[in-house]
Amino acid sequence: MAVLGVQLVVTLLTATLMHRLAPHCSFARWLLCNGSLFRYKHPTEEELRALEGKPKPRGRKERWANGYSEEKPLSVPRDAPFQLETCPLTAVDALEAYYYVLGPVKETNIAVFWCLLAVAFSVKMFLVVTRLYFSAEEGGERSVCLTFAFLFLLLVMLVQVVQEDTLELGLEPGLASMTQNLEPLLKTRGWDWALPLVKLAIRIGLAFVGSMLGAFLTFPGLRLAQTHLDALSMSEDRPMLQFLLHTSFLAPLIILWLWTKPIARDFLHQAPLGEVPFSLLSDSAFDSLRLWVLVALCLLRLAMTRPHLQAYLCLAKARVEQLRREAGRIEAREIQRRVVRVYCYVTVVSLQYLTPLILTLNCTLLLKTLGGYSWGLGPVPMLSPAQSSAQDRLGGPGEDEAQQTAARIAGALGGLLTPLFLRAVLTFLIWWTAACQLLSSLFGLYFHRHLAGS
């Protein structure tokens, strides 16, 4: 709710509730199909033939015997005494017009829109929290953010040159799929020279996004390391909780492992079981397993929210104990400030902990839908090149200029934003978010263990 806002959360929950209750309790179904409305059924052809006294010929020989070479349409007098039967209006009758105008295949997946909203609001929360560090006059938060942004910029450029045989982010196939559909559009306008520039612009854009994510996730990683150490010290007598805390802390490392091809996909394809390599999972099963692992790790981190936040709130007690070990006198207002600052800042700490989680979870859901993956519970959708034809881009002959322009833009975007390209971008965001979290949290462990006390 802190990420999306109260109104948007209530709207999403209401829409989700209405969507789930629609098959069981629908106001429109009750209004139209409660039995009070009835419709008239049209008379069948057999009934009309019976009124006319002309039975339907059984076969071709009988039609030829009666002098009819071809079966003519049946005609009856206008004053024929046929009766119309009634039947109550059903849900199938009410849906005929809807499915004629907009078929179920053409329906927009509104879940994609919700996930995109969640991603956009997550980035907004990153900007709001990071702006606090840049607005601070004292301290080196601004310098730390800029330093880590430059460091992550170098790292993200190195990641982009790693071969697909080592790190299967799918950037090369995604760019190839996008440029394959972009090349005909550029050649028709004589801009084929701009194709390498488009690839370079996408690479630079990904590097810029990676640098910004690194800057955004610097202080959340440092805070996560501090709360992780404090939560471990508070749960010394609870080994199961400590195991879950360690697993939650190493969740980004597991995500990085999932896309490292030699130790993930290749290992499961050629498992060293005996002398003969044995394949444990197919490609589609491994992709589905990877999605399930991402969702499970996000849920695990969500379950560990309370121990981390409680560990942060206990900083007030730690500060008071540290104050008692100091000599001299202190103002009463300063003691109050040291205690109050902790729980007044808990909302920011919550955003630092939950925003990367929400971003990763929604990118995972988008990867499943837009990337053409499956949960493994049904048939796997087949990926097509999705190359838009010229007729789709130009629109129909009866459309005006505005409609043709809209159809041309929609066709061009549909051809450029292919499932392979979207899969590459979303995979990169998920993997890079995990990498930034892991590096910043490991640096936070080193800082709080060896540098904070010095």
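Each Cβ is built from the backbone N, Cα and C atoms, and glycine gets one as well.
Annotation source TrEMBL lists signal peptide at 1-18.
Here TrEMBL flags 111-134 (among others) as transmembrane segment. The list of residues near the transmembrane segment (111-134) in space but at least 6 beyond its ends in sequence, with Cβ under 8 angstroms from a Cβ of it, reads 2-5, 8, 12, 141-142, 144-145, 213, 215-217, 219, 348, 351-352, 355-356, 358-359, 362-363, 365-366, 369-370.
Per TrEMBL, the feature transmembrane segment maps to 146-163 (among others).
Annotation comment: TrEMBL describes 200-222 (among others) as transmembrane segment.
Taken from TrEMBL, the feature transmembrane segment covers 243-260 (among others). Through the fold, the transmembrane segment (243-260) approaches residues 166-169, 224, 228, 231-232, 235, 290, 293-294, 297, 300-301, 303-304, 307, 360, 427, 430-431, 433-435, 437-438, 441 of its own chain, all at least 6 residues removed from its boundaries and within a Cβ separation under 8 Å.
Within the chain, the transmembrane segment (280-300) has long-range Cβ neighbours (under 8 A, six or more residues past its boundaries) at 244, 247-248, 251, 254-255, 258-259, 264-265, 268-269, 271, 357, 360-361, 364, 367-368, 373-376, 380, 430. Positions annotated as transmembrane segment by TrEMBL: 280-300 (among others).
Per TrEMBL, transmembrane segment is recorded for 342-367 (among others).
For the transmembrane segment (420-447), same-chain residues at least 6 beyond its ends with a Cβ under 8 Å from one of its own Cβ atoms are 148, 152, 155-156, 159, 167, 169-171, 173-178, 206, 209-210, 213-214, 217-226, 228-229, 249, 251-253, 255-256, 259, 294, 356, 359-360, 363-364, 366-367, 370-373, 383. Taken from TrEMBL, the feature transmembrane segment applies to 420-447 (among others).
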Long-range environment of the transmembrane segment (200-222) - Cβ separation under 8 angstroms, sequence gap at least 6: 126-127, 129-130, 133, 141, 144-146, 148-153, 155-157, 159-160, 171, 175, 178, 352-353, 355-356, 425, 428-429, 432-433, 436-441, 443-444, 447
